[in-house]
């Protein structure tokens, strides 16, 4: 059976016969399966080949893999029907060969010019002599990798047009070798495996795994490397070669049925030309006849007709590839469309070269205007490139105001750093040498001003945070576009940095003025201020609730003093102590009011209030005026009396502090002061939380939005700076050229896909057929490899397979 029989019908005048059709049977004009789909993909491959390794679009293709001398080249030549590949005992395929088989119509004269080959590196040359094609492959390989068995991953692209082939595209890769020869590196096996994996790892790739029948299939290099990327065997087709040289008594039936290593797409067995056939110049067509004769003479292979022979392999590859392409077409078109949009956008960012001054001025003005618009859009949250994964632009400014600045101020307790002794000291210092009947205003104002001044640093820090955010926003604007002009980018960064610093100064000055205004006028008439009466009531309540009374045990022989006398004594004592430096004492000690209560009432009535009363001792007696006037005694008595009247004071220390113990009245005064501080601090804090963001927005943020464009025009729009600022680095010119080429290729590819006829657009049908292929049981048909009428009809009706699925 020949390829011609598979691809078309015999003339109607030829009746069905049980004899084998002759190899010269002509093809009909019926379009073979995938007559338009595969050529379109071939055209896409040629288009994307212009980009070389830069292409990121993976196209559907069939990749041939196998170990060295496994028969890959023989299979490819059998599919073409001509000798055209380099041959030898050593490695022959040293560069990937992309082989596009294109079926053409047979000419009436049947001349030798019906078949020809074209290399992509020689687009204007047609090779009608296939031996010349072999020599060109060898020459092109040697031009790149030398003549001493080196390998490379640069493709050789060959298109063969012939009426005797089916539309198939295959990629022949170097065979897997174990031992380096010639100038091959020591890691030649790893390099070849890496090259193979780079092709077959794509889901768009079908794998044609070639394994000789005289080796163990479980140890097949081709199947092993295919299983790495296709472990389930969904896109791997097995080819068993050299069936004619298996040991006597053995056959490949179990292998072909998939009983050893199952593959979803099945196996095909073929017979290769031996070295003797090549030496005797036997043609491929003669080898196909010999292959057919071999399978006829082996009854073990009867019933496996659809799994035997090169013609069946060609038909199977054609059908699987067509349906594979149809399944992938929607995604392929989508990927090309997305790549086209992305490349067009990138190319647009590089712009066009402008050499005239007028053009340069217009270009610069356009850049400055777009930059200011992008800057404002980021601040206002209207940018199209706004991130969805994090806060950016103006949202970060709002976060700094509310979640950092305001929250930090609200967490501050104005009395946190003030102890009760600090407040008591401030109160006593404010009274001077006098005793205060009420809590004085001065200590409250001093303490509240001190707390207000603490708000200056966080307010200035907030302004600095906003300044840094504005700098970050300026760096994010038009990042890709300004990569084209690094000098302009640098100048713009300098201008906007200086401009923002100029806006930061009045912002900080205004913040300082706001704090100064709050400190200069303490408005105790504010409606939200707690006020004196409420503060006293709250303080009394807090003091009473915090103190638990403890009864004092009195001695049994102590006479309870008169309540009126005791009360009067307490008032006098308090008044006196108030007059004595407001209760500030040194280490001499203080006589408390309780000590006065312990004195008898008679002594209290006879004793005068004065300095001696502070230092009451156990043996000390009061010296009256009459005793001083009585002088009947001797001089010694007078000296003793004089000495008794002398009171020596210790000098006060350098640092004076209030006493550690304080009265209930002092506790109330401290609580009142704290309440007043907290109440007024809350008022000022709210004012600062409102005024500081307003000052920053006015003097820094909004001022930048309003005036940035004018500043750019003033600083940068100068004719003598045009050429310097619009100078491009060399890499930009290279990128512009590369993206322009890529854009042209993608546009060609997109137009090529639009040329697909209705056959290629039947995606749903193609997908269903592809699923049918994966689950088909037709691989196990019982028809024999013979010239039975049923087999002949199936061969002749290959053109109907387009409508009836795969029909293997």
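All residue numbers here begin at 1 and follow the chain in the order shown.
Including glycine, each Cβ sits where the backbone N, Cα and C put it.
Features reported for this protein in Swiss-Prot:
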- 1-31: region 'Disordered' (REGION)
- 16-28: compositional bias 'Low complexity' (COMPBIAS)
- 56-330: domain 'Dynamin-type G' (DOMAIN)
- 66-73: region 'G1 motif' (REGION)
- 66-73, 172-176, 241-244: GTP binding site (BINDING)
- 172-175: region 'G3 motif' (REGION)
- 241-244: region 'G4 motif' (REGION)
- 271-274: region 'G5 motif' (REGION)
- 548-578: region 'Disordered' (REGION)
- 554-563: compositional bias 'Basic and acidic residues' (COMPBIAS)
- 564-575: compositional bias 'Low complexity' (COMPBIAS)
- 670-761: domain 'GED' (DOMAIN)
- 774-808: region 'Disordered' (REGION)
- 775-792: compositional bias 'Low complexity' (COMPBIAS)
Take a look at 172-175, 241-244, 271-274 and tell me which one has the most Cβ pairs under 8 Å to the region 'G1 motif' (66-73).
172-175
Take the Cβ of residue 72 (GTP binding site) and count every other Cβ within 10 Å, whichever protein chain it belongs to.
27
Looking only at the region 'G3 motif' (172-175), how are its residues distributed among DSSP helix, strand and coil?
0 helix, 1 strand, 3 coil
Taking the region 'G4 motif' (241-244) alone, what is its mean pLDDT?
89
Looking at Cβ-Cβ distances, which residues of the chain lie under 8 angstroms from residue 173 (GTP binding site) while being 6 or more apart from it?
63, 64, 65, 93, 96, 192, 195, 196, 199
On the three-state reduction of DSSP, what should I expect for residue 66 (GTP binding site)?
strand
Within the region 'G4 motif' (241-244), how many residues are helix, strand or coil going by DSSP?
2 helix, 1 strand, 1 coil
For the region 'G5 motif' (271-274), the number of residues DSSP places in helix, strand and coil
0 helix, 0 strand, 4 coil
DSSP puts the residues of the domain 'GED' (670-761) at 83 helix, 0 strand, 9 coil
Could you check the binding-site residues 176, 243 and say which one's CB has the fewest neighbouring CB atoms inside 10 Å?
176
Residue 72 (GTP binding site) falls, by DSSP collapsed to helix, strand or coil, into helix
Residue among binding-site residues 66, 69 with least C-beta crowding, 10 angstrom cut-off
69
